[in-house]
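Database features, via TrEMBL:
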type	residues	note
TRANSMEM	33-56	transmembrane segment
TRANSMEM	226-247	transmembrane segment
TRANSMEM	254-271	transmembrane segment
TRANSMEM	306-327	transmembrane segment
TRANSMEM	353-377	transmembrane segment
TRANSMEM	447-473	transmembrane segment
TRANSMEM	494-516	transmembrane segment
TRANSMEM	556-579	transmembrane segment
TRANSMEM	591-615	transmembrane segment
TRANSMEM	635-668	transmembrane segment
């Protein structure tokens, strides 16, 4: 007896009766002020980082290609010339790193010019054309591919020596704003470069970069099917809402059917494993004959595999049956709480659309971080240097190559053939550039912290609204008029610091996981089996720690919403309360997970099947006005509808899950605070009172004593 009492006291003492308690505390004070100040200072610093990035950044270098002088193609004076043409692209150091090519372009020691369109037919300067003028060979033939300002009366031979005009053109396709030759185009004879390597390089480059045609087709498909996608998302919204609202009527039968279904699946697995084991046993197929192999499918042909599966499934079946027998009372309580949660959502329909507000805030956080990171990555002043195609020619020895120059003052009539002032890159010696890595780390920390804070705000606000439902003695008469808005204002006014505290703890763990994943990615090729095992253990431990902190934070926010205490006290009280009722916690959690999984499967699967049959034209007789559109990729609107349905279902069911968790904690507090007497009546529903075998002594209709 004493041991049991000591065990209960190890998880704290039960909550005591408080005659003044009427649900979420209204007279409360600010909590975790230090963390609130720290969070606001961090946000101010985050804004300052964004301003610095805005001032020094130049995202145009990612959005638009640059010519040899550093001018952008597609904007400004080159507005009508959106593509970049390389005179000799085969002198480039090609790479399949899309981000690097997009930002810096291929490293090409060749002139680059902005053009209105890429060449469509192959062409090479003929010997007879060398004595003609640039105007005759290029301009009159509509080959506007020379550098700007080349006079039409210049001799072609001279323009080629100075690399003012290209010596050949290849049929090209625009990709990422640059003209890349077709993989099947005929390549001219180039010194030191084989046609085979050129063809392979072009093919590999186009395979990784040439997404323009695909993107156009995708855009066309979205333009043709966007309204049908919206209809599919509307169907997902209606299905999610109906599923939650109907749970008050079908929660019990639905949970019973799902449990029977799980038992049936396990029973069939046992039967199938036994049949396979019996056949293989009679054939004498044993693992000793197979030995060790990396072909995992080979193990399905030995009897030991099916014997192990048979034992595991039988154990799971037995555990589930014993759970149903000995924990049937707690399962009934879990079902009653699910029905009560459905009733609470029905009384406060505005809570179902609160995830839209959370989604907008998350979108703002991600968009701000993305723009800040982009501007930071493109910060720096452009640098221009002298460059010549062949520095060994006579007259070039006097020119200091790679020294700074002014691109607006190009060298004319220089003794060095082909001398140009070209763009080299962006300076990395400024204060911002030296601190670029630190600023990016600050931005990543800001992304995680703000996202976790927004999610914490949503959880605390919803918890406050649903707690006001539970602690209303006469429902719905005693429910506040605007429970959601009241909880939102109360949370922002008093508990911003507590939410920031919990979000910061979770952020640090997530940052540690990101760092560990980065290290694992960098060292993946050099690790030995022991190092991989240790890394896997660390990753598993951090994953478990993140899951536990999310669980603890979620329940701490519920206690904050109800009692208005700081984060640490709320987390401790929530954890102790759950540990005093650990069996009920496990049963409710698993029953809720099973039900919500089925709900998501119903919504997403229903929308996916409906979208598949509609967009593939398999639904006949709908009429001309609602027939499926003609698409390039019919899977695109189907996958978009499925993804959107999953997001919508997750948003609705997250509200329902928060409602269940809040009502559950309030239910546990109700059991500890009250005893059903006239002075201390229970606040729980009549269904829960009936399951527990309890009742309120207060006659129906009487008001609670003040």
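In case you wondered, yes, glycine gets a Cβ from its N, Cα and C as well.
Of the recorded ranges 254-271, 353-377, 447-473, 494-516, 556-579, the transmembrane segment (635-668) has the largest number of C-beta contacts under 8 angstroms with 447-473. The list of residues near the transmembrane segment (226-247) in space but at least 6 beyond its ends in sequence, with Cβ under 8 angstroms from a Cβ of it, reads 254, 338-339, 341-342, 345-346, 352, 595, 599, 602-604, 606-607, 610-611, 614-615, 628-629, 637, 640-641, 644-645, 648-649, 652-653, 656.
Same-chain residues lying 6+ beyond the ends of the transmembrane segment (556-579) with a Cβ under 8 Å from its Cβ atoms: 11-12, 15, 23-25, 28-29, 31-32, 35, 456, 459-461, 463-464, 467, 487, 490-491, 494-495, 498-499, 501-502, 585, 661-662, 665-666, 668-669, 672.
Counting C-beta pairs under 8 angstroms (sequence separation of 6 or more), the transmembrane segment (494-516) fails to reach the transmembrane segment (306-327), with fewer than 3 such pairs. The stretches the transmembrane segment (353-377) and the transmembrane segment (254-271) are not in mutual contact, being linked by fewer than three Cβ pairs under 8 Å (pairs 6 or more apart in sequence). Listed by sequence, the residues of this chain that lie at least six past the ends of the transmembrane segment (254-271) yet keep a Cβ under 8 A from its Cβ atoms are 247, 309-310, 313-314, 316-317, 320-321, 324, 331, 334-335, 338, 591, 594-595, 598.
Under 8 Å from some Cβ of the transmembrane segment (306-327) lie the Cβ atoms of residues 259, 262-263, 266-267, 269-270, 273-274, 276-277, 280, 300, 583, 587, all in the same chain and six or more residues away from its ends.
Counting residues 6+ beyond its ends, the transmembrane segment (33-56) has Cβ neighbours under 8 Å at 368, 371-373, 375-376, 379-380, 430, 432, 439, 442-443, 446, 449-450, 453, 496-498, 500-501, 504, 567 in the same chain.
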